[in-house]
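Asks: Have a look at the structure that comes next, please.
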Amino acid sequence: MTEKVTKLALASRLIVLLVQLVANGALPEHKPDVFRMPVSSDQNASWIDKVIKRCLGGLRHWDGEYFLHIAENLYSYENTLAFYPLYPVVVRHVGQAVEAIGISLSQESILLVVAVALNFWLFCESANLLFQLTQVLFNDLNKSWNAALIYCFNPATIFFTAAYSETFFAYSSLHLMLECSKPTGSFRYLRLGTALAACLLCRSNGLITLGYPLYFFGRQLLLKNKEPNTCMQLTQMTLTILGAIGILHTYYFYIYRLYCLPNTRPNHPQHIVDYAVERKYLLSGQGSEGSPWCQYTLPFPYTYVQSHYWDVGFLRYYKWKQLPNFLLALPMLSFMHWHCYDYMQHLAKAVWAKLTPSGFKELIRDHTTFPFVLHAAILTLVCTVYVHIQVSTRLLASATPVFYWFAADHMPKTLAQLKLRSKAGALFVWCTTYSLVGTVLFSNNYPWT
């Protein structure tokens, strides 16, 4: 089954790549006034560079420009601090390894190829992780396959191929969830800690994934009788979590040193400086006078940067001019709100029926999906009231497997049994329409969810 899932995932990525290639060549590219990675005039484009730009150029738009800029120049502009480092830094180091081989490509082309190739590989791996996680929790091959199928053609599928961190985060979070959900009851702390650190370094919402090791470790202590090695396990789990948080704070310290300490003066290339002047961006190395967040008691830049540069905040996006973006996000948000509410309603009835210590343990043992649905419900609520509403589809599609489990419940055993005038049919139309339209629009630099 692993081979079958891998073939499905790879085929879906090749379809997206083909649609992007055709759309990028057939339609005129939109040129919005947004961030574009500044490129040195010293880079001479060879014919291979032009072929790569022609074939993959549609996969670098919007946030992809930021990730590729960080991969090449690190955090030279303050607005790039909205993007966490794991994905672009991995792309950077793999790109440097490829460049060391002596391939005659520009750095811009190498980074784009590496970014897309990395997402291809991680997508196939994450599809298999989703299949395995679903099988561990539900022991249902049909549901596991349908979940993987929907994942491969999810409504935000273009963002899992483009130079975005969605695929890396999906891979990291699914790996963490699978490690926490292992039925053996013994945690592999090194793997768990690595996956947790990857989640924290990949996306800001990775912080919520801390709840998984905490919940499943507490669940194990509750359901099992006290064992002689409980203290050792508690120590190991504590060190694992603190280690992952410590790695995240190493990144925070690096950013603080880069932007707030007066003795840090990066030697920026001239084209980076020129673009900063043109766009009125704050360059790193300005010292504590450069930005207000340097004076905060806890000088974490993320919230400030999101608020200052993107106007992200509680209900700030609720404006009439954003109605099209609300409509784009409506299918995902309404789907998730309803199914999470329905799950919690049934859970509340089960809790009410078993208000005893033994009944509580039974609930914890039987409702293994509770932390996943709670996580999904929190993310859905945050998307609804806080973030730019149009990112809800890709955020939820990459951050939680719950969407795929709920969707898989509506799917028939085979696609031959699929009827368009049914819930499964509506789901099929939604996923295929968003996949196709999203790929066409995104690859030509038009706004998309």
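Please read every residue number as a count from 1 along the shown chain.
In case you wondered, yes, glycine gets a Cβ from its N, Cα and C as well.
The annotation N-linked glycosylation site is assigned in Swiss-Prot to N44, N142 on the grounds of sequence analysis. Residues annotated as topological domain 'Cytoplasmic' in Swiss-Prot: 1-7, 104-109, 170-196, 257-368, 445-449. The topological domain 'Lumenal' annotation in Swiss-Prot covers 29-82, 131-148, 218-235, 390-423. If you look up Swiss-Prot, you'll see 8-28, 83-103, 110-130, 149-169, 197-217, 236-256, 369-389, 424-444 marked as transmembrane segment.
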Asks: When you look at the transmembrane segment (424-444) alongside the transmembrane segment (149-169), do they share 3+ Cβ pairs under 8 Å, ignoring any pair fewer than 6 residues apart in sequence?
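Replies: Output yes: the transmembrane segment (149-169) sits against the transmembrane segment (424-444).
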Asks: At a threshold of under 8 Å on Cβ distances, which of 8-28, 83-103, 110-130 pairs most often with the transmembrane segment (424-444)?
Replies: 8-28
Asks: Calculate the per-residue pLDDT averaged over the topological domain 'Cytoplasmic' (1-7) and state the result as an integer.
Replies: 89
Asks: Tell me if the transmembrane segment (8-28) touches the transmembrane segment (83-103). I count contact as 3 or more CB pairs below 8 A, with pairs 6 or more residues apart.
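Replies: No, the transmembrane segment (83-103) does not contact the transmembrane segment (8-28).
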Asks: If I count Cβ-Cβ pairs under 8 A between the transmembrane segment (197-217) and each of 8-28, 110-130, 369-389, which range comes out on top?
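Replies: Answer is 369-389, with the largest number of Cβ pairs below 8 Å.
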Asks: What same-chain residues lie close to the transmembrane segment (369-389): Cβ under 8 Å, and 6 or more beyond its ends?
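Replies: Residues packing against the transmembrane segment (369-389) from afar: 137, 177, 205, 208-209, 211-212, 215-216, 310, 312-315, 317, 322, 325-326, 328-329, 333, 336-337, 340, 343-344, 347, 395-396, 399-403, 405.
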Asks: Out of these glycosylation sites, N44, N142, which one has the fewest other C-beta atoms within 10 Å of its own C-beta?
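Replies: Result for the glycosylation sites N44, N142: minimum number of other Cβ atoms within 10 Å at N44.
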